[in-house]
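Below: the structure, in structure tokens.
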Amino acid sequence: MSQDLFNVPIFFILFRETTEAAIIISVLLSFLKRMFNTESPVYKRLRNQVWIGGAAGLFICLCIGAAFIAVYYTVLNDLWGNSEDIWEGVFSLVAVIMITAMGLAMLKTERMQEKWKVKLAKAMQKSNSEKSSFKEKLQKYAFFVLPFITVLREGLEAVVFIGGVSLGIQGKSIPIAAIMGIICGCLVGFLIYRGGSLIQLRWFFVFSTVVLYLVAAGLMAKGVGYLEQNAWNQVIGGEAADVISYRVSTAVWHVSWGDPEANNDTSGGWQIFNAILGWNNTATYGSIISYCLYWLFVCCYLVFSYFKEKRAAIRKAEAGEWDDGDEALENAKQYIGNDGEFIVEDKESDEEANNHPKEKIESDAIKA
């Protein structure tokens, strides 16, 4: 029953994406506190822009996600008909891909704060170097546009992940998991804004990744099991329950207890094991081999990613790129004016000054 009301992957996906959105907001607010007096009208105006921009991006994402889920469960849910096992298997394998990608992102969450400091600093520098009439109009609302675009992008990414994971699950298992994920992500963002650090939550994110991979491995086994079940139904020419529920020649075990699909008082614990660990009272060679191969793939990929990131860090250090987020934001201060607007370099003036260096020197001397 519990797996029908709370979907674990949905919770962790929204928790991770909400955490990233909250970090974006907290980094911008911290930057404004460094730049301006917190009692000044400029600070209050820009702070409101940050909150409104982030809220607008989040609202649009929630609307898109709700529309997707509503369309799926009201229009598309009954399309597969007699091919339900095939669709269940395909949806499970799609969810495996989505959850695996989210697990990899979860492992990098502790570095998310530094990443967004550097990203936002680069965005400010880019706005400073590019001049256009459209950009000039947006200067007054730059601190609305930055959180709006970044939160919208992260939110749409969450919609894509949830779309892949939610296929084949019951709609009533989404709301509670989604709400709890958003609340927990906002709480983490608030703690970071108040002076915390994601590094202190490292082991929590590692634990979350392990849970996600356990779920994904279980879904891999269940997906293969659904496809095998469909093949068995084709052999016997009907529903397996009418003859025998499994192919004996490919079964590794089949026990009468521990059935997660049984509707009785003792099935609650087995339903939890089924949702998190992929437990089933019937196992086949295909489901067990796919389960083991999934873990082998994950372990090999994590080792590969570790050495890849290590080499990338060495290249960044040799190139002298920003590595410290606070240093990047400190450098970005020069691109913000006293009124909170982005300073746009006038390239034409610079070119004219380069063509007439003597006049520029005399002009600077007069100003001095």
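Glycine is no exception: its Cβ is also placed from the backbone N, Cα and C atoms.
Here is what Swiss-Prot says about this protein:
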type: COMPBIAS; residues: 353-368; note: compositional bias 'Basic and acidic residues'
type: REGION; residues: 346-368; note: region 'Disordered'
type: TRANSMEM; residues: 8-28; note: transmembrane segment
type: TRANSMEM; residues: 50-70; note: transmembrane segment
type: TRANSMEM; residues: 86-106; note: transmembrane segment
type: TRANSMEM; residues: 142-162; note: transmembrane segment
type: TRANSMEM; residues: 173-193; note: transmembrane segment
type: TRANSMEM; residues: 204-224; note: transmembrane segment
type: TRANSMEM; residues: 287-307; note: transmembrane segment
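Between the transmembrane segment (50-70) and the stretches 142-162, 204-224, 287-307, it is 142-162 that has the most C-beta pairs under 8 angstroms. Counted over residue pairs separated by six or more positions, the transmembrane segment (8-28) shares at least 3 Cβ pairs under 8 angstroms with the transmembrane segment (173-193), which defines the two as touching. 204-224 is the stretch from 142-162, 173-193, 204-224 with the greatest number of Cβ pairs below 8 Å to the transmembrane segment (86-106). Non-local neighbours of the transmembrane segment (142-162) in the same chain are 10, 13-14, 17-18, 20-21, 24-25, 28, 32, 46, 49-50, 52-54, 56-58, 60-62, 64-65, 68-69, 98, 101-102, 116, 120, 123, 127, 174, 178, 340-342; each lies 6+ residues outside the stretch with a CB under 8 Å from one of its CB atoms. Among residues of the same chain six or more beyond the transmembrane segment (287-307), those with a C-beta under 8 A of the stretch's C-beta atoms are 96, 100, 103-104, 107, 213, 216-218, 220-225, 228, 252, 278, 280.
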